[in-house]
Structure formats: C-alpha cells, structure tokens
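Working notes for the structure below.
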C-alpha cells in the first residue's frame, strides 16, 4: 500500500512509531493476561482481591516498563556519536523537556508496581536501589552495544527519581509482609509449694 500507514515486520520493533504502535496493539493481550493470572490464582484458593492486585501489578510492571526500555535500546545515531558523561548534573541543563520527562517516566511503572506486587521491595531504599541498578544496566548496555547514544549519569539520576516518585504515589497499596503467627509457648508447670 503506498501513501498509507503500514509498518513492515522490522518497523514494528526498530522504530519509535513501531514500538508505540506495538505497545498499543498488545494492550488487549495484557488485559487478558491479567484476567488469566487472576483466574488461576483465584482457582488455587487465593482471595480474589489479592489475586487481582497481584496479577494487575505484574502485568502493568512489564507492560509499562518494557516498551520504554526497548526504545532506549534503539540506535540513536552513528556509533561515533556515542559518549559517556559521568559528571552528575552536567547534561541536565542541555536536556530538552521531552528528554527530562522521558527519563522520569522510563522506570515509573517499575517504581509504582514493584512494591505493590513484591513485599520484599516495599521500602523506599529498595526501590531506589532497584531503579538505580536497572538504569545503570541500561546506560552500560547503550555504551557496550554502541548505539550512538550518550550514556549519562544524569539519565540514571532522572530514571531513579522517576521510579521513586512513582513509588511514593503507590505507597498506600504496597504489599505487606506476612507476619508469621507465633507458635504458642508451652505453659510452665505450676510450682508446688
């Protein structure tokens, strides 16, 4: 088809437009995945409210994080344009508003849903460490794969800040650790007088 909006197979995965279109296209599948996961959990005896919350959090974490990370792995330009910037706040002044907002949103789904789903991540320091580690991995991969992008510590700071802000917004729904029910202690025999 000429003049129309048609993407070939490679365009779905190697262009911004394709990744965005693919993300929208798989939304119904993501919703079906939530239903299937929740149904399976309810069928195995998990309370419905807990089953739905866990299932939604798992799918939303993946659905909200993977497309953005995928976009960061697309080539940004010729490999010779690649650079590393290790000085904090150096690049921030030259970033466009779009870049700042994009960096803040990149790991927002991870920050929002990880502590909702996983009790072990339901503390701010753990969310910060997780987001910082994931963001650092992204920046290292961009450099190692020679994607023609600037690997910047400012990106790591913004990604981590975005995840932390999102975690703050989800705080009322964070998973709680199950407290074990203490074993009853045997009563000491009564002393005879």
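Cβ coordinates are placed from backbone N, Cα and C, and glycine is handled just like the others.
Please treat TrEMBL annotations as automatic predictions, because they have not gone through curation.
With DSSP states grouped into helix (H, G, I), strand (E, B) and coil, the domain 'VanZ-like' (84-170) comes out at 65 helix, 5 strand, 17 coil. Positions annotated as domain 'VanZ-like' by TrEMBL: 84-170.
If you look up TrEMBL, you'll see 20-43 (among others) marked as transmembrane segment. Sequence-distant contacts of the transmembrane segment (20-43) (same chain, at least 6 residues past either end, Cβ-Cβ under 8 Å): 7, 12-13, 50-52, 54-56, 58-60, 63, 67.
The feature transmembrane segment is assigned by TrEMBL to 55-73 (among others). Counting same-chain residues at least six beyond the ends of the transmembrane segment (55-73), those with a Cβ under 8 angstroms from any Cβ of the stretch are 13, 16, 19-20, 22-23, 26-27, 30, 33-35, 37-38, 41, 102, 105-110, 112-114, 116-117, 138, 141-142, 145, 147, 149.
Annotation comment: TrEMBL describes 93-115 (among others) as transmembrane segment.
Non-local neighbours of the transmembrane segment (127-144) in the same chain are 69, 72-73, 82, 84, 106-107, 110-111, 114-115, 121, 151-153, 155-156, 159-160, 162-164, 167; each lies 6+ residues outside the stretch with a CB under 8 Å from one of its CB atoms. Taken from TrEMBL, the feature transmembrane segment applies to 127-144 (among others).
The feature transmembrane segment is assigned by TrEMBL to 156-175 (among others).
Same-chain residues lying 6+ beyond the ends of the transmembrane segment (93-115) with a Cβ under 8 Å from its Cβ atoms: 57-58, 60-61, 63-65, 68-69, 72, 121-123, 126-127, 130-131, 134-135, 138, 154-155, 158-167, 169-171, 174-175.
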